[in-house]
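J.: For reference, the structure I am asking about is given below.
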Amino acid sequence: MKTLLLTLVVVTIVCLDLGNSLVCYVSGAWQKTCPEGQNKCEKYAVGTMHGSWIYLRGCASTCHEGPYNVCCSTDLCNK
């Protein structure tokens, strides 16, 4: 029983990735674990096409400024 419990604890730690890694959207539903030093998620407008804004998403150390941009620091906050 102790072996099973220890195994579950180890698997949980590995699956949770306790390294405080931030995860951001990069395109549509695609997600990326941000590298060290990039502790923000952002979504920023790069222009328009056929009357709709075109956005880029990803990890950042600093965010682009703009009225339609999103800059946040929790997992998957840049949808």
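Using N, Cα and C of the backbone, Cβ positions are placed for all residues, glycine too.
As annotated in Swiss-Prot:
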SIGNAL    1-21  signal peptide
DISULFID  CYS24-CYS41  disulfide bond
DISULFID  CYS34-CYS59  disulfide bond
DISULFID  CYS63-CYS71  disulfide bond
DISULFID  CYS72-CYS77  disulfide bond
J.: Closest of the disulfide-bonded residues to CYS34 (disulfide bond), Cα to Cα, picking from CYS41, CYS71, CYS72?
T.: CYS41
J.: As a test of the contact definition, list every same-chain residue at least 6 positions from CYS72 (disulfide bond) whose Cβ is closer than 8 Å to its Cβ.
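T.: In sequence order, LYS40, CYS41, GLU42, ASN78 meet the Cβ cut-off.
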J.: Roughly how many Å separate the Cα of CYS24 (disulfide bond) from that of CYS59 (disulfide bond), to the nearest whole number?
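T.: That separation, Cα to Cα, works out to 6 Å.
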J.: Given CYS77 (disulfide bond) and CYS63 (disulfide bond), what distance in Å do their CA atoms have, once rounded to a whole number?
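T.: It is 13 Å, counting Cα to Cα.
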J.: Determine the most Cβ-crowded residue among the disulfide-bonded residues CYS41, CYS71, CYS77, using a 10 Å radius around each Cβ and all protein chains in the structure.
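T.: For the disulfide-bonded residues CYS41, CYS71, CYS77, the Cβ with the most other Cβ atoms within 10 Å is CYS41.
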J.: Cβ neighbours within 10 Å, counted over all protein chains: which one of the disulfide-bonded residues CYS24, CYS63 has the most?
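T.: That would be CYS24, with the highest Cβ count within 10 Å.
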J.: Validating a neighbour-count step here. Other CB atoms within 10 A of the CB of CYS59 (disulfide bond): how many?
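T.: Its Cβ has 20 other Cβ atoms within 10 Å.
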J.: What does the structure give for the C-alpha distance between CYS71 (disulfide bond) and CYS59 (disulfide bond)? Integer Å is fine.
T.: 10
J.: Mind giving me a neighbour count for CYS34 (disulfide bond)? Other Cβ atoms within 10 Å of its Cβ, every protein chain shown.
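T.: I get 19 for this one.
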